[in-house]
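Working notes for the structure below.
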């Protein structure tokens, strides 16, 4: 939403503003670009999040829930909710959607709470991967605690959106020559009077910078840095696959968040340092317009990074399109039959290889007229003297937890 700073006093009636500050060429170009980008995000990201969310819900219903899949489902839900209210905000910013005060406040609550929970969920996913790898023994977190964390996250998101709802209202815009305020258009905006700029507005911008910008970057970088260092100690095959995934995930997030945090910090500075003149008010609107696009871009790339990059999730999506995930019993029966067939083929292949090896060994023994003893070679770190060595404990636990982390990061 646009943020309007008006050099007047606050009253209970809808404010009327005569736009004496003409829109500059750069501001018009940036606002037009914002509208085009938001339209693209709505028409591409909306269906994409809907498909991913439906696939994840059906997969959870068929295969069961886990802590990562619960977080993934919440992430797709918040992104879809944000993109659901975004068209109304875009139309309002373009002066194409008249609305009342109550509907504007409702849209503000949904928008700011869903964006807040979306950023928090991304940080929670990173924290959960750190928890899995950091613990010596992998202990699954109970579903009750997971749901409690998400409940508290949504509660915090709603509390965070309260200031936005309080200061969201309908503003009637009029031309500078319309002294009687007869012709105009209404928009949903965050409305602040001049005396609230250095107190309420500054506090809101600083809070937004911390919650939407700095905190997710710090948590993602910290937790995935530990994840990255742990992956390097595993086997080469597991390392190359997971390192690529984590690198793409982290680089994409930081590439979007770094300019966003910089813009928000500069916007907070401009709020307090710049005077209330047309030139500076226009620059503030330009900076705010640039910063507004970043949360919407996250809603577009999150399903791509967390779902579509995973081979397992793509397989589930194909099964969803074929209708295989609609019947849980039929799907589980089909999976069981496939596993049984695979095990039968594997056993048959092993038996054939064993017979061939036995015949070849007997032939060599017959030709060489020599007896060969059978030795049982234990791999390093196996049972010795009735006890298992520590090297096996280290070599099995970390790859096992890493495998769980990689599949859980893929959203399945």
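Cβ coordinates come from backbone N, Cα and C, glycine included.
According to Swiss-Prot, of the candidate residues 7, 350, 408, the site noted as N-linked glycosylation site is 7.
Topology check against Swiss-Prot: residue 62 and residue 130 carry an identical topological domain name and occupy the same side of the membrane. Your range for transmembrane segment, going by Swiss-Prot and the list 241-267, 322-348, is 241-267.
With a threshold of 8 Å between CB atoms, the same-chain residues lying at least 6 positions outside the transmembrane segment (139-160) that come near it are 65-67, 70-71, 74, 109, 112-114, 116-117, 120-121, 124, 128, 131, 207, 211. In sequence order, 92, 168, 169, 170, 188 constitute the residues six or more apart from residue 104 (disulfide bond) in its chain with CB-CB distances below 8 Å. Residue counts of the topological domain 'Virion surface' (96-102) by helix, strand and coil are 2 helix, 0 strand, 5 coil (DSSP-based). Contact between the transmembrane segment (30-54) and the transmembrane segment (241-267) is not supported: fewer than 3 Cβ pairs lie under 8 Å, counting only residues 6 or more apart in sequence. Its Cβ taken as reference, residue 188 (disulfide bond) is surrounded by 26 other Cβ atoms within 10 Å in the chains shown. Look at the topological domain 'Intravirion' (55-70): DSSP puts its residues at 13 helix, 0 strand, 3 coil.
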